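K.L.:
Copied straight from Swiss-Prot:
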SIGNAL    1-21  signal peptide
REGION    116-143  region 'Disordered'
COMPBIAS  133-143  compositional bias 'Acidic residues'
REGION    155-313  region 'Disordered'
COMPBIAS  158-169  compositional bias 'Polar residues'
COILED    179-214  coiled coil
COMPBIAS  180-189  compositional bias 'Low complexity'
COMPBIAS  198-209  compositional bias 'Low complexity'
CARBOHYD  Asn206  N-linked glycosylation site
COMPBIAS  220-231  compositional bias 'Acidic residues'
CARBOHYD  Asn232  N-linked glycosylation site
CARBOHYD  Asn237  N-linked glycosylation site
COMPBIAS  238-248  compositional bias 'Basic residues'
COMPBIAS  249-284  compositional bias 'Basic and acidic residues'
COMPBIAS  300-311  compositional bias 'Basic and acidic residues'
CARBOHYD  Asn328  N-linked glycosylation site
Amino acid sequence: MIHYLIFPILLIFFQIIKSSGYYVPANGDDWTILKPPSCKNKLPGQYIDSLPFTFGIVVNPYILNEDGDYEKPIVSKIKPSLTTTTFVTSIITTSTATAPGSKPTKTKDIIVQIHDGQVQKMKHKHDYSSGGGDDDDDDEDCFDEKNIDMAAKRDYQDMNTQEQANEDSGQVLAESDSHQQVVDQNQQINEEEEETQEQQMQEENNNTNEIEDNKVQEFETIEEIYDDIDNNESRPNNSKKYHKKRPHNNYENKHGHKDYHEDHHHNHRYKDHENGHEEDDHKWNKPKPMPEQEEQEQEQEQKPKHEKSEGYESEFVSPVYSVACYTNSTLKMTLTDGILRDSDDRIGCIVSGHQFQFDGPTPQHGAIYAAGWSVTKQGQLALGDSTKFYQCASGDFYNLYDEPIAFQCHPVTLDVVELIEC
């Protein structure tokens, strides 16, 4: 009788455990295979599946043209730089004078995250049709009117051309950046002096070779050379040369003219100024390369290893060209092998309702995509080979989706930004 009572209790207990595993993928399948089919269409080298730093995303809406159609935002072409960035007032500048320009700071439309893992973009005051309210109530709001105005000014500066951005950045550079430019100028001057010295040494070597050739012509004329050939052919041992004009016994040097080398102090061995080789080691070496060849060799040495040899793992070049100030609510993400994670180590995925959110430690049951994320060379977040997402209004904020779910959805791109303390 007791056995009959225990069996229903165990059955109910197992049903409770099964229902509590809502976030576990069905049948224990590997959720990392939940990738968009378009991942196969990604062009090699145009998408980066891993980033070595924490980043955020900023909404960049599509532009509505005169015909009522949405056009993709124009991506400004920025030359990537391998240099480390340093924060200076509101501008991020590279640490070398050869930097293509400063990184714009974006504080508007940055994506935030709430406690349950959903990602949102807060609506600004200018997003509403009617304003109002007490200004004192907005003192603690991250998106108050003052911050919005400052963000609008910065966004306006970001829309200017790269040349205007360079001019503006020159007005806000700190004293440390000016000192860095002076150091870079001194370094450039030193490099120019070294190149000048190398050219002078090359000219001296060329002049020395011309003098030697002229001396050879003075002592060895064409008639003497022909006489030597005839005399050597008539002798059984023709390994030694004898001139009619002057014997060559016990002459050590290259041209066989001891007087010439004594006059020019070449009767002794000398050390090479760079490699420490003796003169005899350079007798049959190839001529020294010209300055153009030396520059090409230096450029080849300075090239990354992946450009020298095929199959070598390429050096990392960051595709992120902008930065943003982060707060406690800012969405902070990492990207590793196509998988997004937030600061709580939850998985970035597209759930069954096509909403972009973070769940974990495993994706939500019924999730559509949980992998296949990347960053394009233009610094945009991509899912598969697509950089197009949708922001859909929901009260005082927007949610993000990979497909439009209602009429209040608008296409956007998600620009990746480095997160910094401000």
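Here the Cβ of each residue, glycine as well, is placed from N, Cα and C on the backbone.
Could you place the listed features in the three-dimensional structure?
P.N.:
Over all protein chains present, the Cβ of Asn206 (N-linked glycosylation site) has 13 other Cβ atoms lying within 10 Å.
Within the same chain, no residue at least six positions away from Asn328 (N-linked glycosylation site) has a Cβ under 8 Å of its Cβ.
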K.L.:
For Asn328 (N-linked glycosylation site), which of the three DSSP-derived states applies: helix, strand, or coil?
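P.N.:
Reduced to three states, the DSSP call for Asn328 (N-linked glycosylation site) is coil.
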K.L.:
Return the average pLDDT for the coiled coil (179-214) as a whole number.
P.N.:
67
